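Here's a structure for you.
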């Protein structure tokens, strides 16, 4: 049980992450869980209920003990790093909103991550997936939703969270999808006709009325579709057709990039289409025109027809 003043700070921090930093709900929930774990450990470490003063005066020994505890509890290096990033983020917020200055936590480096290469699917596996994903859903509109969503991800390289945020407003531009990705960075991706046509067909039979700003991909109860629900459909597909274990919604984003590269697209254009943080929107379109991006996309992409 947290002190009410601490909980109030956490609530303000969460609002800040959503409204000011444009963090996704998934990231905010993960960060909140990491901070909660840290504060629970602090409570155990100090043998008393955590106060604001405990948080402000946490020393390097406490923080390293918490990281060691996570390691002993078999958290992955990635999870430990994310946890430390979450807590640092909270302390950075405290610096902005309280009298806290230059906390010791910022001197602690994240553990080195093992770099894993992203796993793409073969083009044959992608074709099998796109041809058979409609077999799952039990209701026609759900089956068409699954296919439209999967084609959209593979045809545009969107993150699953980005794809699930598509609204009717995105469909009004006949040529491009304008996406606000991580860190509020904007990128523009050419619409592939097959993706847009499937989405249009899906919306024609969707049994729920939606406003222009509402996400178009819905669950069976009419609420916004969540990533785990869609990935469960992919698990069924994967098991039935003997597809690779690493097949997930995100693997189609990796496949988008890999297949473009294999078909002659240059790395820089692919990075721009993916919206990687190393390239800002301004850099994207001062150095490479939208016309060039479209040309690269339409000449190199394997399912353009």
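Glycine residues also receive a Cβ, built from the backbone N, Cα and C atoms like all the rest.
Pulled from Swiss-Prot, these are the listed features:
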{"type": "DOMAIN", "residues": "4-95", "note": "domain 'Core-binding (CB)'"}
{"type": "DOMAIN", "residues": "116-298", "note": "domain 'Tyr recombinase'"}
{"type": "ACT_SITE", "residues": "159", "note": "active site"}
{"type": "ACT_SITE", "residues": "182", "note": "active site"}
{"type": "ACT_SITE", "residues": "250", "note": "active site"}
{"type": "ACT_SITE", "residues": "253", "note": "active site"}
{"type": "ACT_SITE", "residues": "276", "note": "active site"}
{"type": "ACT_SITE", "residues": "285", "note": "active site, O-(3'-phospho-DNA)-tyrosine intermediate"}
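Help me see these features in their spatial surroundings.
Per-residue confidence over the domain 'Core-binding (CB)' (4-95) averages 90 (mean pLDDT, predicted model).
Within 10 Å of the C-beta of residue 159 (active site) there are 19 other C-beta atoms, taking all protein chains into account.
According to DSSP, residue 182 (active site) sits within a helical segment.
Around the Cβ of residue 250 (active site), a 10 Å sphere holds 17 further Cβ atoms from the protein chains shown.
DSSP assigns residue 253 (active site) to a helix. Around the Cβ of residue 253 (active site), a 10 Å sphere holds 22 further Cβ atoms from the protein chains shown.
In this view, residue 276 (active site) is surrounded by 14 other Cβ atoms within 10 Å of its Cβ, with every protein chain counted.
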In which DSSP state, out of helix, strand and coil, do we find residue 159 (active site)?
coil
Count the Cβ atoms, other than its own, that fall within 10 Å of the Cβ of residue 182 (active site), considering every protein chain shown.
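For residue 182 (active site), the 10 Å Cβ neighbour count is 15.
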Going by C-alpha distance, which of the active-site residues 159, 250, 253 is nearest to residue 182 (active site)?
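Result for residue 182 (active site): the nearest of the active-site residues is 159.
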